[in-house]
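Below is one structure, written out as structure tokens; comments come after it.
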Amino acid sequence: MEYHNVSSVLGNVSSVLRPDARLSAESRLLGWNVPPDELRHIPEHWLIYPEPPESMNYLLGTLYIFFTVISMIGNGLVMWVFSAAKSLRTPSNILVINLAFCDFMMMIKTPIFIYNSFHQGYALGHLGCQIFGVIGSYTGIAAGATNAFIAYDRYNVITRPMEGKMTHGKAIAMIIFIYLYATPWVVACYTESWGRFVPEGYLTSCTFDYLTDNFDTRLFVACIFFFSFVCPTTMITYYYSQIVGHVFSHEKALRDQAKKMNVDSLRSNVDKSKEAAEIRIAKAAITICFLFFASWTPYGVMSLIGAFGDKTLLTPGATMIPACTCKMVACIDPFVYAISHPRYRMELQKRCPWLAISEKAPESAAAISTSTTQEQQQTTAA
């Protein structure tokens, strides 16, 4: 594969970095307002591009304000309701709470982006970039691993309901593993022992370095792409494909048996209600995992292009799109649960009646038993 040397794109790098070249009245280059001691933290790739219009930075800053408000309200509600409602404090839902926590914390760093955007660039400097990178890496990698464990849990609940039950101890162990799994990547970049956090695009956001043209950077990008994206995505795809296969084969077996017995269905009302709820929860989890895949794939592709492909494809404007998709999914996740998780909807309805959520309580075994007893008594009396 042919690698593009950044210096060949820049021509004479020193001329690009000259103050008079960067402060031209006609066209300012990115980084023109960055102190000289901070320029060394910025990949040279970005410094050849003109500064974007002020309106573009204002637009992105405003968009991120919207993302932050929606995500923090939505994920805050998920964490509150799932933690406060006794019926939702199940081992499986510990993973749901952790996913909401990751999405919530992902938006904690957006004030750095917003401040930089309204100040037209790398305003908070290297320190702000490090904070942005640390939080973003922890929450992004942890969200992917959490989605993988949610898929594993749904697989066990639906395909092995008796022996595959989650326990609180197992759920806590999974959470600990998730953050231990993310820690080496974060520490390596923060200490710059392998990789580093650098600004990207309009120099208003930061991520791991995928542009420096050397073996260490390419190896780091390949490894983090595999362990933080390919591995979770593979697990998610496998477990949900197994769920779909199990549901279809189970339904077919029930229909065949019912036909042999000349009955409409072999399920009791309780079984139907319980399975319907489980399927709805699985659908919600599948949707969220699809959103994870759709939102992080552009970022993964972009980093691979930066490390192994044609860097000229990565313009500042183009690289801001994957950054936005990652934040967008943090806004959508809680509303997927609001739509698809029946018990969450019920508890949210109790605590926030002004939301006008209409969710009926599932038919319980006790209610069905009482109804059956009454019918039997009426039949006997007759």
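Glycine is treated like the rest: Cβ placed from N, Cα and C.
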Of the listed cysteines Cys129, Cys231, Cys289, which one does Swiss-Prot record as disulfide-linked to Cys206?
Cys129
Just checking the record here: does Swiss-Prot list Phe308 and Lys350 under the same topological domain, which would place them on the same side of the membrane?
no
Using Cβ distances below 8 Å and needing 3 or more such pairs, separated by at least 6 in sequence, tell me whether the transmembrane segment (133-152) contacts the transmembrane segment (57-81).
no
If you count every Cβ pair below 8 Å, which range out of 57-81, 94-118, 171-195, 284-307, 316-340 shares the most with the transmembrane segment (220-247)?
284-307
Around the C-beta of Lys327 (N6-(retinylidene)lysine), how many further C-beta atoms are within 10 angstroms, looking at every protein chain?
24
Return the residue, from the listed disulfide-bonded residues Cys129, Cys206, with the maximum count of other C-beta atoms within 10 angstroms of its C-beta.
Cys206
